[in-house]
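For reference, Swiss-Prot has these:
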type     : residues                                                                                            : note
BINDING  : Gly8, Ala9, Ala10, Gly11, Arg12, Met13, Glu34, Gly98, Thr99, Thr100, Ala122, Pro123, Asn124, Tyr125 : NAD(+) binding site
BINDING  : Arg35                                                                                               : NADP(+) binding site
ACT_SITE : His155                                                                                              : active site, proton donor/acceptor
BINDING  : His156, Gly165, Thr166                                                                              : (S)-2,3,4,5-tetrahydrodipicolinate binding site
ACT_SITE : Lys159                                                                                              : active site, proton donor
Amino acid sequence: MVRIAIAGAAGRMGRNLVKAAHHNSEASVGAGSERPESSLVGVDVGELCGEGRFDVALVDDLSKAVEEFDVIVDFTAPVSTLANIELCKRHGKKLIIGTTGFSEEEKLVIDAASKEMAIVMAPNYSVGVNLVFKLLEKAAKVMGDYCDVEIVEAHHRHKVDAPSGTAIGMGEAIAGAMGNELNDVAVWSREGITGERTKDEIGFATIRAGDIIGEHTAMFADIGERVEITHKATDRMTFANGAIKAAVWLNDKPAGFYTMTDVLGLNDL
């Protein structure tokens, strides 16, 4: 049984992660944390999520419950995730990172940490999205040289980063399959007189509205036809279940940097 700590357990995603861990036969909820200023600190994590009493009180710092978990699942914010990396390094814990919006420098910190600890990091933990990444690699190898590639993503009004980590992951899959670095070919937005698009660019468009959980479309557009590969999430539990699956998988792995491709065994597709 893998004992899991949920960072940000009182948030929308955090509560779903608690539920997913509780209902996974190979996992249990060992700890949950929330910001120190939260009025929910001290509340039972299970009761908070409507799952009954777990006898696990929400703490303001996971270091206070370090003996109660094996793996942290973190879908919070970069500064909090980086702090949890240091905690994991000190205490021999493992980490699932679902946080997005890291700077390039912060990504280097995560990569360096993976030499000392086991990390799974993915822009999206749903099985469907990770299959889409593989499909995009295949499509890019066939159509990328002659099609215009555009990525459109939509999320709820509360999402604070753009484009989404999943959209960036889609772009990285396409660019990598074509032998490019995404930062060299990405056009993150367009406004005003932009001139004609260049052959290699990958365009991004972002929508923020209402309660959209997450919708992503990659478009390969040629003259006379267009191929679109789309994923639509209708319930956050799909992300939560995937993250807990990753935590169970990671528990017996050595130090290293892993992705959902590793967790799901998609490397040979």
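The backbone N, Cα and C atoms fix where each Cβ goes, and this holds for glycine too.
Note that the coordinates shown come from a computational prediction; the quantities given were computed from them, not determined experimentally.
Known features from Swiss-Prot, placed on the structure.
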{"residue": "Gly8", "record": "NAD(+) binding site", "contacts (Cβ under 8 Å, 6+ apart)": "Gly14, Ser33, Glu34, Asp74, Phe75, Thr76, Ser80"}
{"residue": "Ala10", "record": "NAD(+) binding site", "contacts (Cβ under 8 Å, 6+ apart)": "Gly32, Glu34, Ser38, Leu40, Val43, Leu48, Leu58"}
{"residue": "Arg12", "record": "NAD(+) binding site", "contacts (Cβ under 8 Å, 6+ apart)": "Arg236"}
{"residue": "Arg35", "record": "NADP(+) binding site", "contacts (Cβ under 8 Å, 6+ apart)": "Asp60"}
{"residue": "Ala122", "record": "NAD(+) binding site", "contacts (Cβ under 8 Å, 6+ apart)": "Ile97, Gly98, Asn130, Gly169, Ala246, Thr259, Met260"}
{"residue": "His156", "record": "(S)-2,3,4,5-tetrahydrodipicolinate binding site", "contacts (Cβ under 8 Å, 6+ apart)": "Arg208, Ala209, Gly210, Asp211, Ile212, Ile213"}
{"residue": "Lys159", "record": "active site, proton donor", "contacts (Cβ under 8 Å, 6+ apart)": "Arg208"}
{"residue": "Gly165", "record": "(S)-2,3,4,5-tetrahydrodipicolinate binding site", "contacts (Cβ under 8 Å, 6+ apart)": "Thr100, Gly101, Pro123, Asn124"}
{"residue": "Thr166", "record": "(S)-2,3,4,5-tetrahydrodipicolinate binding site", "contacts (Cβ under 8 Å, 6+ apart)": "Pro123, Asn124, Val129, Glu153, Gly214, His216, His231"}
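Of all Cβ atoms in the protein chains displayed, 24 besides its own lie within 10 Å of the Cβ of Thr99 (NAD(+) binding site). The residues near the (S)-2,3,4,5-tetrahydrodipicolinate site, meaning same-chain residues not in His156, Gly165, Thr166 whose C-beta sits within 8 angstroms of the mean position of the site's C-beta atoms, are Thr100, Pro123, Asn124, Glu153, His155, Lys159, Asp161, Ser164, Ala167, Gly214, His216, in sequence order. The binding residues for NAD(+) are recorded as Gly8, Ala9, Ala10, Gly11, Arg12, Met13, Glu34, Gly98, Thr99, Thr100, Ala122, Pro123, Asn124, Tyr125; their greatest pairwise CA distance is 22 Å.
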